[in-house]
Structures are given as C-alpha cells and as structure tokens.
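Engineer: Pulled these from TrEMBL:
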DOMAIN    35-198  domain 'GTP cyclohydrolase II'
BINDING   Arg77, Ile78, His79, Ser80, Glu81, Gln98, Glu120, Gly121, Arg122, Thr142, Thr177, Lys182  GTP binding site
BINDING   Cys82, Cys93, Cys95  Zn(2+) binding site
ACT_SITE  Asp154  active site, proton acceptor
ACT_SITE  Arg156  active site, nucleophile
Amino acid sequence: MAALLRQVRRSLIIRNDLCNTRTMTDADTAFDYVSSAKLPTRFGEFRIHGFVEEDSGQEHVALSYGNWTVDDEVLIRIHSECLTGDALFSTRCDCGFQLEKALQNIVEHGSGVLLYLRQEGRGIGLLNKVRAYHLQDNGMDTVEANEHLGFDADMRDYRICRFMLETLGVKRVSLMTNNPRKRQALTDLGIDVVKRIPIDHGVTEHNKGYLRTKTEKLGHDFDPHLLK
Ligand SMILES: Nc1nc2c(ncn2[C@@H]2O[C@H](COP(=O)(O)OP(=O)(O)OP(=O)(O)O)[C@@H](O)[C@H]2O)c(=O)[nH]1
C-alpha cells in the first residue's frame, strides 16, 4: 500500500512538471529530477532543485547560486540532513553551523551548490538518532550508540550526488568538508574533487566530545586545537 501511494505521489509530481524531468539509472537505482524554483534565503537568492530516488521515494534537494560553465571548478557542500541541528538549533552537533557557513561561503564566493541529502542521522533516520542520543546521554559515544542499535557507524549512500551534479552541469568541485569519506565517495563516482575546503565551524561545549569521536573513530580532519 505504501509503495502504491509513493508511486501515485511521484507520478503526480512528475505530471505537474513534465518539461523539467530528467532520469538516470545506475546499476540498481533510478533517480529523477523533478523541478526547480527560486529560493530567496537570509544569505541570498538561490534556486532549489528537487530530486527523487525512484525505488524508495526518498526526496533530496540541491541549492544552486550563480553561474558556471562545465569546465569550472564549482564550490560545493554535500550536507546530510540533521533536523535537530539544521532546523531546531541543536548545539549537540556542528551541522546547523556548517549549513549556514556553507551557504554564506557560496554567496561570498559568487557561485556554488549545496546538495542537501535526506540521510538523517548518518542514514539511520530521525527516531533512531533520538534513540542514539538517549544512549549517548548515558555514556556511549556516537559510534558506539549506532552500533548498539544494530547499525554501522555511517550508513550513508552518496550515489545520487553524481546525478544531481550532472544535472546542474558540475564536473569539477572544491568540496567543503572535514570528512575524507565524502571526498572518496565523490571521487569513486567519477567527480573531479580538485580540492577540499575545511569547514570546522560551530564547535560548542556541547559538541566537542562528538567532534573528538568523529576525528578519532570516523577519520574526520579537524583542527585538534579547536577541540581542546
Ligand atoms: N547517528 C547519528 N547521527 C548524527 C549524530 N549527530 C549528528 N548526526 C548526523 O550526522 C550527519 C552529519 O552530516 P554532515 O555534516 O553532512 O557530514 P559529516 O560526516 O559530519 O561531514 P562534514 O560535515 O562534511 O565534515 C547528519 O545526518 C546528522 O543528522 C549522532 O549523534 N548520531
């Protein structure tokens, strides 16, 4: 029933906007580009682009700012959804701070793209993240909590990034991240990551432990002086 509803919802979306659709199929997943629109923000006026994974119905968005040609190196951020940090002002993590900083950087630079991937909680989902937070309140770190719940430390899948970037005419990127796995994932997808730009922004007393664990167990590049 849920699958049928997803199918109906998707066909309605596509029918509303036929002229803008574009599809790509990789080995086991098909992606669609649905539509785009203006998105004025506190930082400047972006365009928002909607994408969907056909099988799961999972929706993602990209924000683009300014212009480039296909050979240009484009400033990008790939940001995984964090409802608590991005929308609810949580200081348990650095996500909301990084999101703001990335949008500011793009506007200051004059052009760029933010891919906002709906992979809440490093792919475990919102309520499992709340379960993981509960375990962390009782002494586990972010990796131990995921594993205690039966998940890998990081369950994210970046395959849709290639389709999103191709759709937006981006082949060469400078990537704002502290996470070497993101850089590797993009390289494995055939995207030319010309350079990495650190985004170690938003350290608070509440998230230092979380960031230390990411550095020690997940391999993040973070200036150790900021975490003292
Ligand atoms: N499972 C879990 N997920 C968390 C926790 N805190 C934050 N997250 C999620 O971690 C993800 C962070 O995403 P990003 O900021 O894009 O990625 P990152 O791996 O930190 O890499 P960079 O920020 O690019 O350096 C989001 O999906 C958050 O919801 C936590 O304690 N447990």
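All positions are counted from 1 along the displayed chain.
Cβ atoms are placed via backbone N, Cα and C, with glycine included.
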Engineer: Compute the mean position of the Cβ atoms of Cys82, Cys93, Cys95, which form the recorded Zn(2+) site, and then list in sequence order the other residues of that chain whose Cβ is within 8 Å of it.
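Structural biologist: Apart from Cys82, Cys93, Cys95, the close residues are Thr84, Gly85, Asp86, Ser90, Arg92, Asp94, Gly96, Gln98.
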Engineer: So which of the recorded positions Arg77, His79, Arg156 sit close to ligand 1, that is, with a CB under 6 Å from an atom of it?
Structural biologist: His79
Engineer: Which has the fewest other CB atoms in a 10 Å radius around its CB: Arg77, Arg122, Arg156, the listed recorded positions?
Structural biologist: Arg156
Engineer: Tell me the Cα distance separating Asp154 (active site, proton acceptor) from Glu81 (GTP binding site), rounded to the nearest angstrom.
Structural biologist: 13
Engineer: Count the other Cβ atoms sitting within 10 Å of the Cβ of Glu81 (GTP binding site), across every protein chain shown.
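Structural biologist: Step by step: centre on the Cβ of Glu81 (GTP binding site), count other Cβ atoms within 10 Å, giving 23.
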Engineer: Do any of His79, Arg122, Arg156, Thr177 (recorded positions) have a CA within 10 A of Cys95 (Zn(2+) binding site), and if so which?
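Structural biologist: Near Cys95 (Zn(2+) binding site), where near means Cα within 10 Å, the recorded positions are His79.
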Engineer: Can you check which residues sit near His79 (GTP binding site), meaning Cβ under 8 Å from its Cβ, same chain, 6 or more apart in sequence, and list them in order?
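Structural biologist: Result: Asp86, Cys95, Gln98, Leu99, Ala102, Leu114, Leu115, Tyr116, Leu117.
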